[in-house]
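Chemist: Just lifted these from Swiss-Prot, have a look:
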type: ACT_SITE; residues: 89; note: active site
type: ACT_SITE; residues: 277; note: active site
type: DISULFID; residues: 102-106; note: disulfide bond
type: DISULFID; residues: 312-344; note: disulfide bond
type: DOMAIN; residues: 71-384; note: domain 'Peptidase A1'
type: CARBOHYD; residues: 74; note: N-linked glycosylation site
type: SIGNAL; residues: 1-15; note: signal peptide
């Protein structure tokens, strides 16, 4: 009995809460719009789809366009630590970073050297992952993964399986990141690999089987503070009182039901599946609904850039999303974004999942307005007002 009590106390003592500070950086998409290069990139994407029309069909990761992320975090892998910059992505589930055999498109990337890590365990199984924009391939390995930069307080997760890329597509070539850290469920992961955070929960490393995300407003310069991911607890420093929880309709993505979208005179009350996605800098939804919201805001669609331009001084009112019995209102400061050169964008895009999965992506404009609480253990999402400084 004494042994059992001692083990229980030790177990409680080992569980913890970790805060992972992130930085904001202008997305590749926004940079290309600002410099007039985005139409050429869109043409490249159209040509890619024309050559391989079935490549993106029915893929669980096709929600992701990694030209569209804006918030980045540091991780380390191995013993001693090797550092990497990654997208912290709730819209996918796999962790991968480049390895030393990745040459094309990897010249500016940090690469994981398995021979330099005393805790590395060879797996050898090959893997390939295809996103809505971009792909990567290589072999799997196992090592200790730590959330946070070297020298910071880190969440350390031993025996974590991850991808070591020998090839990445040109989509990732000029990104400010080395790889992707997926935070969604194992059921979404390629090859059924247990994601690092799920692995931490399975090992009892966290106080609670959840994490919360607070995103700051978009920065005025790259590499400034962008927010905090809190693992194992709700962030009560940067987030207000919980509004409500909403059960997940699918524990793959963080997918749940929304019952309406409204802005000004326009409203749509169809109940749809939506996902919370930290890796998408805009809101994404059906063409007809996004068009209606944009028109109500006074935004105009630009076919050349495939975006909605809006007057930077516009004050159209809140964009209201009904989830459960509550209405969540996004202020214009979070859905009107500066594209440079005196231009601003209505931060939404037409999105078609092809009949599979969610109808809407609730990206950074929603998460900047409301802290999102990813309650993995209870398979539900929670929302609390962001306490922006």
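Cβ atoms are placed via backbone N, Cα and C, with glycine included.
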Chemist: Just to be sure I understand: of 74, 102, 106, 277, 312, which recorded positions have a C-alpha no more than 10 angstroms from the C-alpha of residue 89 (active site)?
Modeler: 277
Chemist: Between 0 and 100, where does the mean pLDDT of the domain 'Peptidase A1' (71-384) sit?
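Modeler: Summing pLDDT over the domain 'Peptidase A1' (71-384) and dividing by its length gives 94.
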Chemist: Whole-number answer please: how many Å between the C-alpha atoms of residue 106 (disulfide bond) and residue 344 (disulfide bond)?
Modeler: 33
Chemist: In whole Å, how far does the CA atom of residue 312 (disulfide bond) lie from that of the residue listed as 'N-linked glycosylation site'?
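Modeler: Cα of residue 312 (disulfide bond) to Cα of the residue listed as 'N-linked glycosylation site' measures 33 Å after rounding.
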Chemist: Which of the recorded positions 74, 277, 344 has its Cα nearest to the Cα of residue 102 (disulfide bond)?
Modeler: 74
Chemist: Tally every other Cβ atom lying within 10 Å of the Cβ atom of residue 102 (disulfide bond).
Modeler: 21
Chemist: Fill in the CA-CA distance, the residue listed as 'N-linked glycosylation site' to residue 277 (active site), as an integer in Å.
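Modeler: Computed Cα spacing between the residue listed as 'N-linked glycosylation site' and residue 277 (active site) is 19 Å.
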Chemist: Please report the distance from the Cα of residue 277 (active site) to the Cα of residue 344 (disulfide bond), rounded to the nearest angstrom.
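Modeler: Approximately 22 Å lies between the Cα of residue 277 (active site) and that of residue 344 (disulfide bond).
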